[in-house]
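Here the structure is laid out as structure tokens; the discussion comes afterwards.
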Amino acid sequence: MFINRWLFSTNHKDIGTLYMIFGAWAGMVGTGLSILIRAELGQPGSLLGDDQIYNVVVTAHAFVMIFFMVMPIMIGGFGNWLVPLMIGAPDMAFPRMNNMSFWLLPPSFLLLLASSTVEAGAGTGWTVYPPLAGNLAHAGASVDLTIFSLHLAGVSSILGAINFITTIINMKPPAITQYQTPLFVWSVLITAVLLLLSLPVLAAGITMLLTDRNLNTTFFDPAGGGDPILYQHLFWFFGHPEVYILILPGFGMISHIVTYYSGKKEPFGYMGMVWAMMSIGFLGFIVWAHHMFTVGMDVDTRAYFTSATMIIAIPTGVKVFSWLATLHGGNIKWSPAMLWALGFIFLFTIGGLTGIVLSNSSLDIVLHDTYYVVAHFHYVLSMGAVFAIMGGFVHWFPLFTGYTLNDTWAKIHFTIMFVGVNMTFFPQHFLGLAGMPRRYSDYPDAYXTWNTISSMGSFISLTAVILMVFMIWEALASKRVVKSVQLTSTNLEWIHGCPPPFHTFEEPVFIKSSQT
């Protein structure tokens, strides 16, 4: 039955497919919002109305891309599909909870979209800082709906995290240790731990904001002895681990892709890669206040957060150089997935370098809330997370569907996307250094040139997104079946054929230790 299979699904592959489709759909919505932003900023003067509308679009763009595109695709889609296959488990540990995790997302998305349509919408930015998010500056239900949306998305992620942690720790074959699982499995495990530890703090913060708005509490209101800075601490204690949650599964996928298309049987420095991810996960929790260098912290506090933030560059560097070492001496196959992976390494490194610039508290005081910050995090998200998703998608597409994408189209798609995102975000570094502030719908004429170029780049990216839809249609319509897959001895997910049967690993796997 259709309903039994897709509505009441307990199969990790089907739920993974649902996550993928939902994430792709949300990605279209988020892309549409980003095109609205770049259309508004394409030239000086007003296009879409006042700044409230503009900020509602910016806020929705951020929430949609983070909570309904990147996280569902990376953790829900790739995680559900690949983790059980990679560790030889018959399914996830809690299959029905897995289904609930997915079905909490569409209502959450609905609440977020509803928040934009009631009153004047939630024009708070994705950070939802009070007093702007309080009931005076944002009277009406908009921010409340956004908070409920975040609650649902948060519950979904927490349940998913519990599920992945249990699955990865308990459902491996007894003969293998955690240090014999693939890097993608490790990345999902670490991501799940980060989610489990950070989301409750966000839930606390936004619940306090909810009571401030509706029940007359004063957690964040100085008039009653509260402090708006407390909200910033609570939010960023979640918000900083969150950005690592968005990129860590990507690290795992890139490790697999680089290894596979270099013709290697294992990545360079496996243990170093694992420890680097664990270090990044740990350090991600003790650097949150680098988002708050401008709120007037003590100089010694700023010194600590500056140095702690810079330390994260070390494990990140370990990962980048290990990827390069994996490429070294390999029989490199220039497949589309490999192009995405190489693009990821290059552009993520650039994003990391601007991150090091911003970690200096003294420099950040000048650059905070300018387009330099926007350029920085879009290099790591729009060219890190998205390139990893695209690389993983074209690499595992034959596994998910049993069909192959057209190689030439896939390479053309990569090229258009590469040009588009760089043309969009590279000029924003110049705008930021010239002092153009974020979250404004209009700007002085002096900034016109780079903004126009940036907006042109965004339309090139839009072309790439449309081409991707065509590519998927073309692949599903042409039905070129997969003949054989290489390197299956170290890529366990492929051993059941493409696509794998509905139930895999129905009996425990026999592990033979090889002394090679």
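A Cβ is built for glycine as well, from the same backbone N, Cα and C atoms used for every other residue.
Contacts of S441 (Na(+) binding site) defined by a Cβ separation under 8 A and a same-chain sequence distance of 6+ are given as E40, L41, S46, L47, L48, D50, D51, I53, Y54, N55, in order along the sequence. According to Swiss-Prot, the feature Na(+) binding site maps to E40, G45, S441.
In sequence order, G284, F285, V287, W288, H290, H291 are the residues near H240 (Cu cation binding site), counting only same-chain partners six or more apart with C-beta under 8 A. Taken from Swiss-Prot, the feature Cu cation binding site applies to H240, H290, H291.
Among the features that Swiss-Prot reports, Mg(2+) binding site is placed at H368, D369, with the record citing similarity to another entry. Within 10 Å of the C-beta of H368 (Mg(2+) binding site) we count 19 further C-beta atoms, all protein chains included.
The feature heme a3 binding site is assigned by Swiss-Prot to H376, with similarity to another entry given as support. In three-state terms derived from DSSP, H376 (heme a3 binding site) belongs to a helical segment. Counting every protein chain shown, 24 other Cβ atoms lie within 10 Å of the Cβ of H376 (heme a3 binding site).
Outside the topological domain 'Mitochondrial matrix' (1-11), and at least 6 residues removed from its termini, the chain residues within Cβ reach (under 8 Å) are 18, 91, 95-96, 98-99, 502-503. Positions annotated as topological domain 'Mitochondrial matrix' by Swiss-Prot: 1-11 (among others).
Look at Swiss-Prot and you will find 41-50 (among others) tagged as topological domain 'Mitochondrial intermembrane', backed by similarity to another entry. With DSSP states grouped into helix (H, G, I), strand (E, B) and coil, the topological domain 'Mitochondrial intermembrane' (41-50) comes out at 0 helix, 0 strand, 10 coil.
Secondary structure of the topological domain 'Mitochondrial matrix' (87-94) per DSSP, as helix, strand and coil residue counts: 1 helix, 0 strand, 7 coil. If you look up Swiss-Prot, you'll see 87-94 (among others) marked as topological domain 'Mitochondrial matrix', on the strength of similarity to another entry.
Residues or ranges marked as topological domain 'Mitochondrial intermembrane' by Swiss-Prot: 118-140 (among others). Residue counts for the topological domain 'Mitochondrial intermembrane' (118-140) by DSSP state, with H, G and I taken as helix and E and B as strand, are 0 helix, 0 strand, 23 coil.
Sequence-remote contacts of a segment are chain residues at least 6 beyond its ends whose Cβ falls under 8 Å from one of its Cβ atoms, and for the topological domain 'Mitochondrial matrix' (171-182) they are 84, 86-90, 93, 252, 256, 270-271, 274, 492, 508-509, 511, 513. Look at Swiss-Prot and you will find 171-182 (among others) tagged as topological domain 'Mitochondrial matrix', backed by similarity to another entry.
Counting same-chain residues at least six beyond the ends of the topological domain 'Mitochondrial intermembrane' (213-227), those with a Cβ under 8 angstroms from any Cβ of the stretch are 130-131, 133-135, 143-144. Summarising the annotation, Swiss-Prot assigns topological domain 'Mitochondrial intermembrane' to 213-227 (among others) and lists similarity to another entry as the type of evidence.
Restricting the average to the topological domain 'Mitochondrial matrix' (262-269) gives a pLDDT of 96. Summarising the annotation, Swiss-Prot assigns topological domain 'Mitochondrial matrix' to 262-269 (among others) and lists similarity to another entry as the type of evidence.
For the topological domain 'Mitochondrial intermembrane' (287-298), the list of distant contacts is 229, 232-233, 236-237, 239-240, 305-306, 308-309, 312, 358-359, 361, 364-365, 368-369: same-chain residues at least six beyond its ends, Cβ to Cβ under 8 Å. Residues annotated as topological domain 'Mitochondrial intermembrane' in Swiss-Prot: 287-298 (among others).
Per Swiss-Prot, the feature topological domain 'Mitochondrial matrix' maps to 328-335 (among others); the stated evidence is similarity to another entry. Across the topological domain 'Mitochondrial matrix' (328-335), DSSP assigns 0 helix, 0 strand, 8 coil.
Residue counts for the topological domain 'Mitochondrial matrix' (401-406) under DSSP (helix as H, G, I; strand as E, B; rest coil) come to 1 helix, 1 strand, 4 coil. Per Swiss-Prot, topological domain 'Mitochondrial matrix' is recorded for 401-406 (among others), and the stated evidence type is similarity to another entry.
Across the topological domain 'Mitochondrial intermembrane' (434-446), the DSSP tally of helix, strand and coil residues reads 2 helix, 1 strand, 10 coil. Positions annotated as topological domain 'Mitochondrial intermembrane' by Swiss-Prot: 434-446 (among others).
Look at Swiss-Prot and you will find 479-516 (among others) tagged as topological domain 'Mitochondrial matrix', backed by similarity to another entry. Long-range contacts of the topological domain 'Mitochondrial matrix' (479-516) within the same chain: residues 11, 13, 82, 84-90, 173-176, 182, 256, 259-260, 263, 265-266, 396, 398-404, each at least 6 residues beyond the stretch ends and with a Cβ under 8 Å from a Cβ of the stretch.
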Could you name the residues, excluding E40, G45, S441, of the same chain that surround the Na(+) site, i.e. Cβ within 8 Å of the Cβ centre of those residues, in sequence order? L41, P44, S46, L47, L48, Y54, D442
Same chain, not part of H240, H290, H291: whose C-beta falls within 8 angstroms of the C-beta centre of the Cu cation site? Give them in sequence order. W236, G239, V287, W288, A289, M292, F305, T309
So how many of the residues in the topological domain 'Mitochondrial matrix' (479-516) end up helix, strand or coil by DSSP? 6 helix, 1 strand, 31 coil
If you compare CA-to-CA distances from G45 (Na(+) binding site) to each of the binding-site residues H368, D369, H376, which comes out shortest? D369
When the number of other CB atoms within 10 A of each residue's CB is tallied over all shown chains, which of the binding-site residues E40, D369 has the maximum? E40
